[in-house]
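Only one structure is covered here, and it is reproduced in the block below.
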Amino acid sequence: MGKRPIEDDAVASSELSRKKSKKEKSGKSKKSVIGEGADTNGHAPAAETTVDGSENEALSKAERKAAKKAKKEAKEASKAGKADAPTVENDEEAAKAARKAARKAEKKKLKEAEKTASSAPTEASSVPAQTLSSSNAGSYTEHTELAQLPQSEIDAFLTKNTMTIEDPKPAARKLRPIVNFKYLPVTDESQRAPFAGFTAPTPIQAATWPFLLSGRDMVGVAETGSGKTLAFGVPCVRAILSLPKDKRKGIKAVIVSPTRELAVQIYDQLVALAHPAGLSVVCVYGGVPKDPQVAACRKAHIVVATPGRLNDLIGDGSADLSNADYVVLDEADRMLDKGFEEPIRQIISQTPKKRQTLMFTATWPPSVRDLASTFMVSPVRITIGDNQSGELRANVRIKQLVEVLDPHAKEQRLLQLLKQYQSGKNKDDRILVFCLYKKEAMRIENFIRMKGFRVGGIHGDLSQEKRSASLAAFKEGQVPLLVATDVAARGLDIPAVKLVINVTFPLTAEDYVHRIGRTGRAGKEGLAITFFTEHDKGLSGSLINVLKAANQEVPEELLKFGTTVKKKEHGAYGAFYKDVDNTKAATKITFD
């Protein structure tokens, strides 16, 4: 009787040793599984050793504790003179308890190890997790020939085009501008067809493509006419084509534009890129029936839209942006000037949190910076030109002539200029004439037509159909003269506009810069002639600053009006207006 408990104790110890050996093998096997998972997620092997060591240590403690408890109970049973069967039963229960405790400890440690393995990569990439770059990382591979170019050539390209690239995320190797179309990664040579008429990418295209193809958020600050549409269009089409065919259904990209004319222009260029790839593009804007646009949205992959109409379609369920993970805000500064901030916020709220967001702007004021910080994650900022402050500047390739004259002499002087610049071999040269008000535009258009010139008009009183027809005729050269109000002053890419004439000075110097920006596009030179009268003298200081910044001659007659620059005022609230962001949380006040 006295020896039986000892033998049972030995049996129990032997069984525990056998189980321990089995669990150690299991632990090694699971260690390799954990190690493989850690390698997949980028963890160091040291972390694996720590997890395995702590696990074995915990298992050993649990087993020793259970064995000690079993031995103690066996001794107590022996002293009490219990029968063999109950003693064996108690020993078996003790061994069973030991095994259970060991399994419990093992499971606990495995769960902790799995939790550590899954949380570590999230912490390492917490910022990119809100952008498309997290899922698109590594999708762009630099062309071999581009990688082999001497750094001196890249530096010369950046210096020549006065390009500045600011990336808040440190990189082991900086992405090089795609300075030649052959370096652009395409899956099919037919995708290069839209570039057939160009010799090389524009500076904004060359600089932005590497970052956009890598899935990064980006802010592009560049003058109008710099080729921004293809800058965001090429990565847009490529991003959609990279998806499996069964996941391409629905709206995948949305481009927001401030005006109908600019939206149509973007649409035309994107169609040339998207249609050969089998992708559908739709353009939605107000002033036309909604039903055809609703039907088109159901089949569209890319939507180009003005803010108002797009929000209408979202509101009635006709446009679903829940899968639109490529978002472009074009002419962002102008959209804010036009009061579209809230509609923009509503549109972006309908898109996925995990998206790639792009913003193109001619200026970089605080309002645009605030908007970028709200919707973008670590955006790359690319500035073309020496205007690092982001203030509005005129294109230096445009020669600006300012004529100070009597208000009643405008029409006759306009007629002289038309005869001078549109006669003989230049009779088909495109000339854009700007007026301030709709009625003035109609009067000037009729005046020019009566003098025997072919002329069209574009202003707010015309229907969308007539505006589109006039613009198309002007672009195609059927009508070489176009009279417009500021509705056409920005964003329109009208090729080969030789001359811009400002019959009446606009309400702001910013509008003046955008007007004259219709010429001198795509690297070409242009000419702008502006009539300035005593009624405009309040803006003389601002105009003088624009002329000086572009190294243009300032007439003595203009200097007589003074160089004072008046404070920019709100159209409705004057100088008392204050821009307040209502979306920011109020300051919390606590009382003791």
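The backbone N, Cα and C atoms fix where each Cβ goes, and this holds for glycine too.
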**Complete:** For Swiss-Prot, the entry motif 'Q motif' belongs, out of 179-206, 235-262, 375-402, 459-486, to 179-206
**Stated Swiss-Prot location of motif 'DEAD box', expressed as one of 6-9, 330-333, 454-457** = 330-333
**Complete:** Cβ neighbour count within 10 Å, max among the binding-site residues A222, S226, K228, T229, goes to K228
**Asked** List, in sequence order, the same-chain residues at least six positions removed whose CB sits under 8 Å from that of E223 (ATP binding site)?
**Response** A362, I384, G385, R393, N395, G517
**Message:** For the domain 'Helicase C-terminal' (413-562), how many residues does DSSP put in helix, in strand and in coil?
**Reply:** 69 helix, 26 strand, 55 coil
